[in-house]
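Take a look at the structure below.
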């Protein structure tokens with residue numbers, strides 16, 4: 001009694017497995033619906049209605065600001081990505097019906113993740129470090145320590161380590177050794193320094209003496225003009241010999257003198273004019 005129902009159940013499963021209908025095999029751009037193979041909607045379109053025995057798959061284009069990038073059976077389109085400038089993003093390429101908007105970081109920043117949802121400023125290489133790889137929109141700056149013989153004295157996202165200055169090539173001597181943050185300090189040799197300083201000092205002294213002499217000469221000329229003004233031009237005095245006239249000769253005029261026996265200057269031309277009148 002118990003074995004009969006079990007045997008019936010076993011044979012029922014066996015017959016069902018043997019006579020089951022094979023699964024519907026659809027193409028790459030199709031999908032199965034009720035034993036039918038319906039066409040997928042192309043990129044840029046969404047599914048409205050599945051196909052039937054009498055109609056094909058019904059699709060509709062995505063709206064403005066939407067897209068679908070693959071063959072699909074989606075009921076809704078995806079919205080274009082928004083490039084938020086407050087997060088350091090800008091649009092690299094506008095989205096279409098079948099492509100999404102592409103965002104990149106603004107100049108001087110890079111993505112914080114592989115999805116580039118936000119950006120952050122490039123790192124600076126501190127003094128003592130140089131830029132090994134300049135940052136891009138996706139990757140940050142890569143820094144490396146300056147090796148022996150090189151230095152970097154700035155914080156920069158672009159500057160590499162610079163080689164120490166060669167004092168020997170410039171004909172100088174090294175006065176201070178360079179570090180990874182400072183360059184070598186070069187200077188003149190002691191003898192060379194003397195040869196340079198002496199001519200420069202003599203040139204400066206000569207210039208000072210020349211200027212002093214010029215100033216002294218100009219001062220003397222001004223003082224001489226102030227003490228000896230130009231004498232006024234005087235009329236010539238006619239000299240008359242008394243022996244040229246007959247008769248008694250009058251006594252010679254007495255010349256007046258001032259204190260300290262200085263003669264009084266006669267007024268120009270009077271005596272000569274009187275003598276001429278008497279002669280006439």
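Keep in mind that glycine also has a Cβ here, set from the backbone N, Cα and C atoms.
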Can you identify, from 225-252, 253-280, the stretch that Swiss-Prot calls region 'Disordered'? 225-252
If one consults Swiss-Prot for N-linked glycosylation site across 153, 217, the residue flagged is 153
Within the same chain, where does the repeat 'TNFR-Cys 2' (61-103) have neighbours whose Cβ lies under 8 angstroms from its own Cβ atoms, ignoring anything closer than 6 residues to its ends? I mean 6 or more beyond. 29, 31, 38, 40-47, 50, 109, 116-120
Work out how many Å separate residue 103 (disulfide bond) and residue 125 (disulfide bond) at their Cα atoms, rounded off. 27
Relative to the Cα of residue 153 (N-linked glycosylation site), which of the recorded positions 62, 83, 180 has the closest Cα? 180
On a simple 10 Å Cβ count over all chains shown, which one of the disulfide-bonded residues 38, 51, 83, 119, 125 is most densely packed? 125
Entries of 26, 62, 77, 83, 125, 143 which, being disulfide-bonded residues, have CA atoms within 10 angstroms of residue 51 (disulfide bond): none
